[in-house]
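If you look up Swiss-Prot, you'll see 13-33, 38-58, 69-89, 93-113, 121-141, 152-172, 370-390, 407-427, 431-451, 459-479, 482-502 marked as transmembrane segment, on the strength of sequence analysis.
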Amino acid sequence: MGIFSIANQHIRFAVKLATAIVLALFVGFHFQLETPRWAVLTAAIVAAGPAFAAGGEPYSGAIRYRGFLRIIGTFIGCIAGLVIIIAMIRAPLLMILVCCIWAGFCTWISSLVRIENSYAWGLAGYTALIIVITIQPEPLLTPQFAVERCSEIVIGIVCAIMADLLFSPRSIKQEVDRELESLLVAQYQLMQLCIKHGDGEVVDKAWGDLVRRTTALQGMRSNLNMESSRWARANRRLKAINTLSLTLITQSCETYLIQNTRPELITDTFREFFDTPVETAQDVHKQLKRLRRVIAWTGERETPVTIYSWVAAATRYQLLKRGVISNTKINATEEEILQGEPEVKVESAERHHAMVNFWRTTLSCILGTLFWLWTGWTSGSGAMVMIAVVTSLAMRLPNPRMVAIDFIYGTLAALPLGLLYFLVIIPNTQQSMLLLCISLAVLGFFLGIEVQKRRLGSMGALASTINIIVLDNPMTFHFSQFLDSALGQIVGCVLAFTVILLVRDKSRDRTGRVLLNQFVSAAVSAMTTNVARRKENHLPALYQQLFLLMNKFPGDLPKFRLALTMIIAHQRLRDAPIPINEDLSAFHRQMRRTADHVISARSDDKRRRYFGQLLEELEIYQEKLRIWQAPPQVTEPVHRLAGMLHKYQHALTDS
């Protein structure tokens, strides 16, 4: 496909984006808004953002959800801006500096919350800065400006949503149904690989792919939940399926690890059974029916616990899968499965990374302020706004540098494109609203196609072009003002990019170590006799951390294996019949405190000391288990955990 070719699947969204822009433009001028540009810009960003992220037309609900987040972020930013102005109106420089810190604070929060919700906090940060900078000539008009800005943004969001509904957005439901079928087959094939106990790298690749696919299915569940309330039952089932899928991965990998030391546990009966190849979900269904009969015949005691648990989880998965596909009423059996253990939320391992993002945003905004005050440039304020926008939005993404480059390319492309509209097209459409709408629709259509291709600079070009062409009421054509705005955007993006390069993010290794220590803490916390604590579902949180580890350290198999081993240890110890007595309970609390100290230690020396203390406590704990005559189901997992921690103590403690 050529660089300028138009694929059929890209046309519908391009028309949708053009419609959103035209609607916002028409409504903005019809209601005599002072700056309809904000409504048009909002409609374009809300519609195009999800398409750029998805690499195609976004699924139903994505644009509505992004619009909802934009409204929340705008209102938070407007309120913060008003509070800052009221408190510091007599000290303008201090007011701007506090706004820079506010933008950094919002970026810090957006780095810690869920990626889906971080957009609202990023927006809140630079909205306050925009308000404070814009009202500098006339501070008494602050409330009016804040209200107008909120109104224009809400109009833009409503127009984007109307355009989305008008062109029947894609439903993700069919994709979810297909993935559920395919995922079950992949789970069965992983168990086959683990029982064969073949090449470790093949197994690593298989379970790594399944972790990614399960995480992707969880993202599809979020999209389905946003799409319509009629999928509420399917959403509940999919939430439980996420845990079941992770359980299947864990049991399969434990089956593989068990055979490293005790291959005789997997009998020839099960080896022969899992030799049968499967291609479809129907094949898996037949095999599971046969497998349940084999287990009933051999007995639970003669069946390896990992295979028994795997079959139970796969059976529940099948039952819930049928419910998701049909979206029927939840029956009593399903309700029993759905009334599972409460999920545990873990503390973010990226606090240092979030602090780096705070300083990047704050310093870049302060640098923009100094540049503005030093040069006295009329478009210094525009440069500051772009600095805040780039840093606030770039910091929450995995590769901030590439986002900044995208904005630089976009603002550079916007200069000639905006020049064409400013000098030729818009002046010649002054007498006709229809011609003005058509001209902007053409812009939205072609940039909408490029956005779906994820062309570098396409998203920045769309926003920057709309921002610099004259869409005010009334329209005024001052070339110097246009040139200042265009150059201000470019300078702001370059300054933001410079700060991102200078303030290096070296938090990757620290984040990896914190993640590994959180896995250790989770395994240690599973050693408890507290009934409520044993019922807590840590599995989704643990695999979410594993997924983050896989993204931070692609290809680092030793780290992945260590993390997976800790997850397996957690699951095994969680179900182990630990003797109930006060002596062991007190020691469990002591070990949990020590594990928490390992995570929170600021220096390597403290971390090594606490880790050594944890290893000593595990030795004492094993002796206590022997004294209290704990069964092998308890002593063996604890012994394996202690051995793993001894083996990898340097990786878990050194920076």
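In case you wondered, yes, glycine gets a Cβ from its N, Cα and C as well.
Note that the structure is a prediction, hence the values are computed from the model and not measured.
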| Quick one: do the transmembrane segment (431-451) and the transmembrane segment (459-479) have at least 3 Cβ pairs under 8 Å, skipping pairs fewer than 6 apart in sequence? | yes
| message | Which sequence-distant residues neighbour the transmembrane segment (459-479)? Criterion: at least 6 residues beyond either end, Cβ under 8 Å. | response | 21, 25, 28-29, 32-37, 40-41, 44-45, 48-49, 52, 406-411, 413-414, 417-418, 421-423, 426-427, 430, 443-444, 447, 450-451, 485-486, 489, 493
| task | Count the Cβ pairs between the transmembrane segment (69-89) and the transmembrane segment (13-33) that lie under 8 angstroms and are 6 or more residues apart in sequence, then report whether there are at least 3. | result | no
| task | Determine which residues of the chain contact the transmembrane segment (13-33) at the Cβ level, with the cut-off under 8 Å and only residues 6 or more beyond its ends counted. | result | 39-40, 42-44, 46-48, 51, 56-58, 148, 151-152, 155-156, 159-160, 162-164, 166-167, 433, 436-437, 440-449, 451-452, 466, 471, 473
| field | Same-chain residues at least 6 beyond the ends of the transmembrane segment (152-172) whose Cβ lies under 8 Å from its Cβ atoms | value | 12-13, 15-17, 19-20, 23-24, 27-28, 31, 33, 35-36, 38-43, 46-47, 57-61, 63-64, 67, 70-71, 74, 220, 223-224, 227
| task | Could you pull out which residues elsewhere in the chain have a CB under 8 Å from any CB of the transmembrane segment (38-58), counting only those six or more residues past its ends? | result | 9-10, 12-13, 16-17, 20-21, 23-25, 27-28, 66-67, 70, 149, 152-153, 155-157, 159-160, 163-164, 169-170, 440, 444, 447-448, 451-454, 458-459, 462-463, 466-467, 471
| Outside the transmembrane segment (93-113), six or more residues from its ends: residues with CB under 8 Å to it | 80-81, 84-85, 119-122, 124-126, 128-129, 132-133, 348, 350-351, 353-355, 357-362, 365-366, 369, 373, 388, 391-392, 395-396
